[in-house]
Structure formats: C-alpha cells, structure tokens
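In what follows, a single structure is set out as structure tokens and then discussed.
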Amino acid sequence: MPRYKAVIAYDGAEFFGFQLQTKNGVESVRTVQGELNKVINKMAKNPSPQIKVVGASRTDTGVHAFGQVVHFDLPFNIDPEGVRKGMNTLLPFDVVVNHVEHVSDDFHARFNTHSKRYIYRVSTTDYKDPFKRKYTGHFHWKLDINRIKAALPDLLGEHDFASFAASGNETATTIRLITRADVDEKPEEHEIVFTFEGNAFLYNQIRIMVGVLLEIGTGKRPVHDIVRLIEVKDREQARYTAPASGLYLDEIDYN
C-alpha cells in the first residue's frame, strides 16, 4: 500500500486536541485525527480494517497548527495532488491540507522527526480582545521586553526540563534540546510572539516556559530564574501556564 505524507493546518479552537479520543470504541469528542480518519476512509471506500492517520504531534485542546505532519497508507495509488484536493473537498472548514507527497514505506510522521518549531502569540492589550480570545494568550500586565530577551538564552541547549513538564507528561526522560528561543514585538498588533525550536518538547513545556518568561518580564522573577528552575527540577516552582489558545505548531523538520 502506498504511503503518503501530508502537511496540514487547523484552527484548534473547536477541537479537543489532535489525537483521536474514543469511548467504547466510538469517537467521543471532536478531534483533528478523527476528522482526518473519516475523510481518508471515505476516499478509500471504507476499507476493512479502517485506515488510521498518524500525526507527528499530539496537540492539545485549543492548540492550533500551521504545519502539522501526518502519514497514512491508501489501498490504491493516487496522485498526491489528487489526494490533497480530495481531502480538502471533504474536510471541515477549520482543517486544510496544504501539501501531499509520496514517501517510503518506512517513513513515520512521529518517529522520524528531527525538530519541531512552535510559536506562541501573546496579546498585550489592557482589555481582552473578543476577536483574539481563541488565538492568543492574553497578558495585560506591563512587560519589560528586554528582561525577556535577556532570559531566553538560558533555555538554549540540552537540559533537564522537569520543572517545565506538566503532570500528564509520559515521556521516559525530561531531557530536551532547545536550539532556538526568541521573541518579537508586534506593536501594531499589540502582541509579542515567541518562537521555540527543539528536538522535542514535554507536555505543556512551551506554555510553561512562556508563563515563566512573562513573569520575568513583569519583574516577578529574576532575569535568570530559568537557570534555577532547571536546576531544582520542581514543576510547582514554575507556577503559571500560559493558555492553550496562543500556541501554534509552526513547522516540523525531517532532515
């Protein structure tokens, strides 16, 4: 069976995350993987056993994606562009397939990843903007962006990020490599945008890192408190977790 790799984008606001969730063998809530499975199986004339779409990243409820990657096998060979068009015809409006290509049978969307890039958008308006509430994390306290910029290099490199892992983390190790951590100001949009890139991230790691950086920006934490948090390996000391609404899976690299 030919294997396909697809790059998809989705508005995560109305999804309970990417990963399929079932109860008694039946899909219990709306998920991105669930929608993709339905479409692929419809295109394949509902084969038995059912085709399962495999995703690179299991984004949480409310998290968005510009560059999620999935793979799936079809029981017949179709031109990748035809697959893309067919999927987009059947998918709901909050999911779109931007690219499809043939890949080797041993390609795996999750296990072959080299690095992932995420962005986090923070709305800095004094009031909550109702039109941004599903697409940014709101933080109205005054921020010193220079303090945040001074703290970001402390995240770079390979560290034990146990202090930045939520209680649901199930990975064998909390050691991760971060290769990029920066922030851009968007004054015309009243936003700041964080970008993080690394080999992998722990459960809620980016949202917890953003929470710590925002507290550094307000002066609630010392500029280099990240160094201490890495050393103590204590999630309780990291405190604030930024909302899911501001997080976007931007790109996944397989090189």
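Each Cβ is built from the backbone N, Cα and C atoms, and glycine gets one as well.
The active site, nucleophile annotation in Swiss-Prot covers Asp60 and rests on sequence analysis. Spatially close to Asp60 (active site, nucleophile) yet at least six residues away along the chain are Gly17, Asn204, Ala244, judged by Cβ distances under 8 angstroms. Taken residue by residue with DSSP, Asp60 (active site, nucleophile) is part of neither helix nor strand, so it is coil.
The substrate binding site annotation in Swiss-Prot covers Tyr118 and rests on sequence analysis. Following the DSSP three-state reduction, the secondary structure of Tyr118 (substrate binding site) is strand.
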Are there any residues in the same chain, six or more apart in sequence, whose C-beta is under 8 angstroms from the C-beta of Tyr118 (substrate binding site), and if so which?
-> Thr195, Phe196, Glu197, Phe201, Ile206, Leu247, Tyr248, Leu249, Asp250
